[in-house]
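Pulled from Swiss-Prot, these are the features on record:
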- 2-182: domain 'KARI N-terminal Rossmann' (DOMAIN)
- TYR25, GLY26, ILE27, GLN28, ARG48, SER53, ASP83, MET84, GLU85, GLN86, GLY134: NADP(+) binding site (BINDING)
- HIS108: active site (ACT_SITE)
- 183-327: domain 'KARI C-terminal knotted' (DOMAIN)
- ASP191, GLU195: Mg(2+) 1 binding site (BINDING)
- ASP191, GLU227, GLU231: Mg(2+) 2 binding site (BINDING)
- SER252: substrate binding site (BINDING)
Amino acid sequence: MAKIYTDKDASLEPLRGKTIAVIGYGIQGRAQALNLRDSGLKVIVGLRKGGNSWNVAASEGFEVYEVGEAVSRADVVMVLIPDMEQPKVWQSQIAPHLREGAVVDFAHGFNIHYGLIKPPKNVDVVMVAPKAPGRAVREEFLAGRGVPALVAVHQNYSGSALKYALAIAKGIGATRAGVIETTFAEETETDLIGEQTVLVGGLMELIKRGFEVLVEMGYQPEVAYFEVLNEAKLIMDLIWQRGIYGMLNGVSDTAKYGGLTVGPKIIDEEVKSKMKAAALRVKSGEFAKEWVEEYARGSPNLKRLMESVKEHPIEKVGAEMRKLLFG
């Protein structure tokens, strides 16, 4: 059974009087920095000199330093730059300036789990991973709520690493919603598997294939778009709010019967076995190796694949339909 922490299980006291350096001021970095400051904690920001985010962070009242300087001033270092940029920045600007006993926080376990970043033994290494985009992290905090998060400890030098992680989670508002204790391995692997087989890869391909079938059968592309893509949000909202069974009780009996009898024939045991094979590639590290090598080459395959999606007929029809819907 998962261990879930809420506001009553966490305290901001471990962070009182300490300096927190947020490295990166993108959507997630900005949200977490603002939330922590609004929680009464001292936050500075570490950025590349001359980057676009420097002036933004400064205009919002933060002391901004180059990354190495921010790290040298910090008791807590939150690494909130993109995954694939982290190893280089870590090696050149973070690791040389870390204080003994510092707390290093990540929002995703990829680089630690796959050994691309290897922290020294004399620091705590934790993860607080909000399960929502940065915009929601900020908006929910301002509304007096929070988004759920995962929390993990990779290295417990101080003996209090979990307390620090929970304090960070409380500071960004996550304990208001609930924080699940996990491991770097579990967070990383489930995140990648979920993205590839369901949330990004699986859902995207299911929608594209459904659109292709309807158009190839002679139905109007505009009608096909609404049926397989636009209405997907309505169904996902129901699932998010009520669960799968609750969603079924929110649609017609015809939709229920058709979905329950035909769905398993489409997403069958063969599909499940392919999903498991993809999951095993993640677990073995094969996917991470492939992606790191692809990124090092300048991501040519990713760029080609992105272009193919951009040119898919559903995108051309969708652009017109979204103009009708959203102006």
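Glycine residues also receive a Cβ, built from the backbone N, Cα and C atoms like all the rest.
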Residues satisfying Cβ distance under 8 Å from HIS108 (active site), sequence separation of at least 6: ASP83, MET127, ALA129, GLU187, THR188, ASP191
Cβ neighbours of GLU231 (Mg(2+) 2 binding site) where a neighbour is any other Cβ within 10 Å: 11
Conformational class of SER252 (substrate binding site) under the three-state DSSP mapping: coil
Cα-Cα distance maximum in Å, computed over every pair in TYR25, GLY26, ILE27, GLN28, ARG48, SER53, ASP83, MET84, GLU85, GLN86, GLY134 that the record assigns to NADP(+): 20
Residue pair GLU227 (Mg(2+) 2 binding site), GLY134 (NADP(+) binding site) - Cα distance, angstrom, rounded: 30
Densest Cβ neighbourhood among ASP83, GLU195 (binding-site residues), 10 Å radius: ASP83
Separation of alpha carbons, GLU195 (Mg(2+) 1 binding site) and SER252 (substrate binding site) (Å): 30
DSSP three-state assignment for the residue listed as 'active site': coil
Residue pair GLY134 (NADP(+) binding site), GLU231 (Mg(2+) 2 binding site) - Cα distance, angstrom, rounded: 25
TYR25 (NADP(+) binding site) CB neighbourhood, other CB atoms within 10 A: 27
